[in-house]
Every structure is written in structure tokens, then in C-alpha cells.
Amino acid sequence: MSILEIDGSIGEGGGQILRYALALSALTLKPIRVYNIRAKRDNPGLRPQHLTAVEVLKEVTGAEVENAKVGSMEILFKPTSRRSGEMEIDIGTAGSISLVLQAMLPVLLFAEGDSRARLKGGTNVPWSPPIDYIKHVFLYNISHMGVRANIEVVRRGHYPRGGGLVNVEVKRVEEALKPLMIVRRGRIRGFRIHSHCVKLPAHVAVRQCESARRILSGIFKEKITEEIETYPPDKDPHLGPGSGILIYVEAEPGIRLGSDSLGEKGKPAERVGEEAALILIEELETGMAFDRHMGDMLIPYLFLAKGTSRIGVSMITLHLLTAIEVGKLFFPEAKVEVDGELGKPGIITIQGVGYKP
């Protein structure tokens, strides 16, 4: 099989290209050479968390790999099979568990059987969706396509110390994924706020939550459900310190849109809650079915689905357009239409390939 050449500097030119390329290579068993890896970043080349994704997928697929080292600008990845089973994955310090999961999930869905993985690393870290978003928003939305996966957060890990622990269960998909046809959201059913802090006074999580609630309740009349997660000092198993908030809205016809914000040193807890609430309001004002982060995460699955998917996203991002470009490289037969401008709401139509191993 000829090697698929992928320029890692296309689109947003970051780690996302590598993650999606690895995921689709492992899934289709098409060998790839990715060059110019993270060429547009200040510290180009493979970083430790990208290396973990490579190592994990090497293990799952029995791949032959060349140049897999920190700082490498080019990598060769030749997968041979898709295994399932139990895995232990240590990403190291606060490397993002969510981003490694992004690379793993498509492969595990089409593996030989069901899979279980135990991942150590960062659950709530900068420049990455929090594990709460993956659990409550992403997995919920793609369940409409036939994906069955579950996440258990055993322990949180924040930057820079990490130490998070997450258990993941993935059910094998027996048939091709179903297409997704949801352009606009319907009536709002309610809001849910998840606010947490570790190795910090409990009032931090409470203040984050109250700030978000105050803003949302001033605009919306729908029910707001709160979940505040704190730990007494003598029973806090985390390395910490850290805090964060996820807010998501349940809307018809059975979708979720989310937003989040991370605490950091010197940032008032009230601002953490306020940031997440204001972002979610922006998402909802567009009337589209999916938030800006969900948009690019959905793209690989829309390429795999059997039939035509049509989704509305609150913002067409460079990440979304990059995900489409990577998808086209693996599935040139798929038809794609983007209706909208960069930075604006838009509609994505993809005629999927009905992928089955």
C-alpha cells in the first residue's frame, strides 16, 4: 500500500493534524508520513503528549514507526491491525488525556472487540477540552451516531503537576456509524453547571458556580442544575491545586452545547464562572445545534458515517476546516460542503463513506 503524505503545516498547523491523521491511519490501516509537524508553533515538532498518542496507536495497531521522538518534525506510521482489550496509558505529568482520547477513540470503535483503557495525565489543562466536556457533551452527542463509550473520572489532574486518572470503556461498533442531521437547536430544556476545585478551599468552586448561575439566570428562565465538587484537605487525593467549570445546555432535539473555563493563579473564581457563562450565551445566540469545539470533533465521524450528515455549528473554526482537509486525504470519495465563513456560524454537509472494517 502506498504511503499517504500529509503536510503537518496545513490549516491550523498544530497537533490536531497529527492526532486526526494517526487516528484515521490506524483505523483504515493506511500508512502515513506526516512532515512539518506543528510547524506553525513556537516549539515545533512532536511534544510528549503527541508521542503518547503515537505510542498508544502503535500498541493498538502493531504499527511500524520511525522518528517517534520529542522534537521530531516528521514521522512514519505503518499500522497492521486493530486490537482491542485492556490498556494502561501514562501520558506523563499534565499531558492532556482528552487529546489522546481523540486519537484513540475512532480506532477502538472499530477494533476486534470492546476495549477498556486506564489513562494517567491531565484532565483539566490549558489548550485542551476538559475531560468533563468529553464525558458530558462530546460522547453524549455522538451517541446519536451509534457510539457507545463511557468515561469515569477517578482523579483530576491539573497543569503543571497532572496526576489525573480516567477509566474509559468503548463498545465495538457492529455496523457503520449513523449520519447526523441536526442543523439548528430547538427549545432549551435546561442548564447544568459542573464546578470543581482540588487542593483549594471549597468556596472557590462555589464562587465559580454562583458567578455562572447569576449570569445565566439573568437571561434564561430554564432550570439550572448545579454540581459542586470539592474535597476536605485531609481527604483530597489530588496533586493540584486547580479548579474549573463546565456548563452545558440540554436542547431539543436531544443535543448538548457546552463551554468551560479553567482557574489559574491570580484569576478570581468569579471570572472563571463568568467566562464559561458568556461563551455559552454566545454559542446559543447563533441558534446552531453544536458549539465551536463540537464542530471540529465531529468531522472524522461524519466522514465515517453511512449516508449524508448535515450539522450546524456556532462557528467555523480553523480546527474544523483542518479536520475536513485531513478527512479528505483519507476519504477522497466523500463529498463535503461548507456553507459559511471562517469565524462565523455555518452548516457542514458531508456524504460519509459508510466505513466498516
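Cβ coordinates are placed from backbone N, Cα and C, and glycine is handled just like the others.
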Subject >> Residue from Gln102, Gln208 that Swiss-Prot also lists as binding ATP with His293, Met294, Gly295, Asp296 >> reply: Gln102
Original post:
Name the residues of the same chain, 6+ apart in sequence, whose Cβ is under 8 Å from the Cβ of His293 (ATP binding site)?
Top reply: Pro129, Tyr133, Gly258
**OP:** Within 10 Å of each Cβ, count the other Cβ atoms and name the one among the recorded positions Gln102, His319 with the highest count.
**Re:** Gln102
Original post:
What residues, ordered by sequence, lie under 8 A Cβ-to-Cβ from Gly295 (ATP binding site) and sit at least six positions away in the same chain?
Top reply: Ile311, Val313, Ser314, Met315, Ile316, Thr317, His319, Leu320, Ile348
Subject >> Local Cβ density at Met294 (ATP binding site) - other Cβ atoms counted within 10 Å >> reply: 25
